[in-house]
Amino acid sequence: GDILDDYSRTDGVWILTRNKQFYETNNEKECADKCEAERNFTCRAFLFTRKKLQCLTLAENAKMTVTFASTDTVLYEKIIYLMQCKRGIGTDYRGTEAKTQRGIPCQKWAEKIPHKPNYTPEKHPNAGLEENYCRNPDADENGPWCYTTDPAMRFDYCAIPECEDQCMQCNGEDYRGEVSRTESGLECQHWDVQEPHMHGFILKHYPEKDLKMNYCRNPDGELRPWCFTTNPNKRWEYCNIPRCTTPPPVSGLDSQCLSGRGEDYRGRIAITESGNACQHWNTQFPHKHGWVPDRYPCKGLEENYCRNPDGEKKPWCYTTNSNIRWEYCTIPPCDRTEQGIAGMNNVPAQAPVTEECYQGKGQSYRGTTSVTVSGRKCQAWSSMFPHRHIKTPERFPDADLRENYCRNPDGDSSPWCFTTDPNTIWEYCNLKRCDDHAQQ
């Protein structure tokens, strides 16, 4: 195959790195050849500038250093160094895991203390024995391993997850596979083009969402990855990506207490700060809502425990009191410093949290719906493309104009948004008013 098939391409990006070599080449393939032949360091990526025909081989990729915009530059990163999972027994694993399955830091392959290694970078130059990263230079059937920094334990295996090509965890926000057709078989439109559908989902506005090629992605918190289609009559559609069979990563050790906004809180407090019992997430009474556990498998929506699935200021829950739809919960902080910060930022609550309906005119709606009544996707409030506007987060600081979520910053009759369709400036959102009994 093409040598560039082993690389992930990103247009208009430069990365800051000390370890690099300059070459004069005629095209990207010649630059890739230089990267493959590089002997000054391990070449993980290269930059190519079209106008100067300049080639820079790099020891680092975008995961390891700072990136910034640079027109006329193309970044190619070796896919093998971007993968944090192993295929088979992991002899080609080149990720950056550097601790054992027991959590012991790995010894550097080039060092001899506390253990004198049999496998060294000199003896095995093609085994990727860099730093103290987990590797499998001897094709051990148990997978990547390393010498440990514990004098009492010479070596141990590393907990490297299996690669499951083309599968997704959770709602696929982190999906980085290469599926590029929708569930009905339509080919996806490239993210960096505006035909047949103009839109605002471009890399500049969503730098962390990996909007490369025409691969299915989930940049806006949808139920699963999607893409704009190449069919002029079908603007966008979900992609049929199977769920991974391995469980998603577990939450951190601090998940039994409040750290930050508590999005990783997995404790068992199930009562609100005013003393109301929490409603079970898998029930719709007394309050109907959209936070169904089956739809959001990685949000920890178990039983009726307080959770923060939508980035609120702290964990919350729907209450069993039919007159009070939801309330925050009091979760003990993980340390006093954070408690002090939380006290300083104790601003009045704005109701309600994410839900599938709105109250009144919806000025207090804080859900994550981002689709209009006609099915068009919403433009990000901070974006000026395809529509320029003055409804920005800076001008409306109390309207919670996050991402591209439906909001009502100007007192309209219901939540709305600018659309990513250049022919339709704005529309009301696909939301219903809450039932009368649910209103406070």
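Heads up, the Cβ atoms here are built off N, Cα and C, so glycines get one too.
Worth saying up front: this structure is predicted, and the values here are computed from it rather than measured.
What TrEMBL lists as domain 'Apple' is 1-80. On the 0 to 100 pLDDT scale, the model's mean across the domain 'Apple' (1-80) is 89.
Taken from TrEMBL, the feature domain 'Kringle' covers 84-163 (among others).
Broken down with DSSP, the domain 'Kringle' (166-244) shows 0 helix, 13 strand, 66 coil. According to TrEMBL, the domain 'Kringle' annotation covers 166-244 (among others).
Other Cβ atoms within 10 Å of the Cβ of CYS167 (disulfide bond) number 16 in total over all chains. Residues or ranges marked as disulfide bond in TrEMBL: CYS167-CYS244 (among others).
A C-beta separation below 8 Å, combined with a sequence spacing of at least six in one chain, links CYS188 (disulfide bond) to SER180, ARG181, THR182, ASN214, TYR215, CYS216, CYS227, PHE228, THR229, THR230, CYS239. Positions annotated as disulfide bond by TrEMBL: CYS188-CYS227 (among others).
The disulfide bond annotation in TrEMBL covers CYS216-CYS239 (among others). Around CYS239 (disulfide bond), a 10 Å sphere centred on its CB holds 25 further CB atoms from the protein chains shown.
What TrEMBL records for 256-334 (among others) is domain 'Kringle'.
Residues or ranges marked as disulfide bond in TrEMBL: CYS257-CYS334 (among others). Within 10 Å of the C-beta of CYS257 (disulfide bond) there are 15 other C-beta atoms, taking all protein chains into account.
Around CYS317 (disulfide bond), the same-chain residues at least 6 positions away in sequence with a Cβ under 8 Å from its Cβ are ALA270, THR272, CYS278, GLN279, TRP281, ASN304, TYR305, CYS306, ARG307, TRP326, GLU327, CYS329. As annotated by TrEMBL, disulfide bond applies to CYS278-CYS317 (among others).
Among the features that TrEMBL reports, disulfide bond is placed at CYS306-CYS329 (among others).
The annotation domain 'Kringle' is assigned in TrEMBL to 356-434 (among others).
What TrEMBL records for CYS357-CYS434 (among others) is disulfide bond. Around the Cβ of CYS357 (disulfide bond), a 10 Å sphere holds 21 further Cβ atoms from the protein chains shown.
Around the Cβ of CYS417 (disulfide bond), a 10 Å sphere holds 26 further Cβ atoms from the protein chains shown. Summarising the annotation, TrEMBL assigns disulfide bond to CYS378-CYS417 (among others).
CYS406 (disulfide bond) is surrounded by 24 other CB atoms, counting those within 10 A of its CB over all protein chains shown. Residues annotated as disulfide bond in TrEMBL: CYS406-CYS429 (among others).
For CYS378 (disulfide bond), the same-chain residues lying six or more positions away in sequence with a CB closer than 8 A to its CB are ASP220, SER370, VAL371, THR372, ASN404, TYR405, CYS406, CYS417, PHE418, THR419, THR420, CYS429. Here the CA atom of CYS244 (disulfide bond) lies 31 Å from the CA atom of CYS357 (disulfide bond).
Look at the disulfide-bonded residues CYS227, CYS244, CYS278, CYS306, CYS429 and count other Cβ atoms within 10 Å of each Cβ; CYS244 has the fewest.
Cβ neighbour density within 10 Å is lowest for CYS334 among the disulfide-bonded residues CYS216, CYS329, CYS334, CYS434.
Between the C-alpha atoms of CYS434 (disulfide bond) and CYS167 (disulfide bond), the distance comes to 36 Å. CYS244 (disulfide bond) and CYS334 (disulfide bond) are 32 Å apart (CA-CA, integer value).
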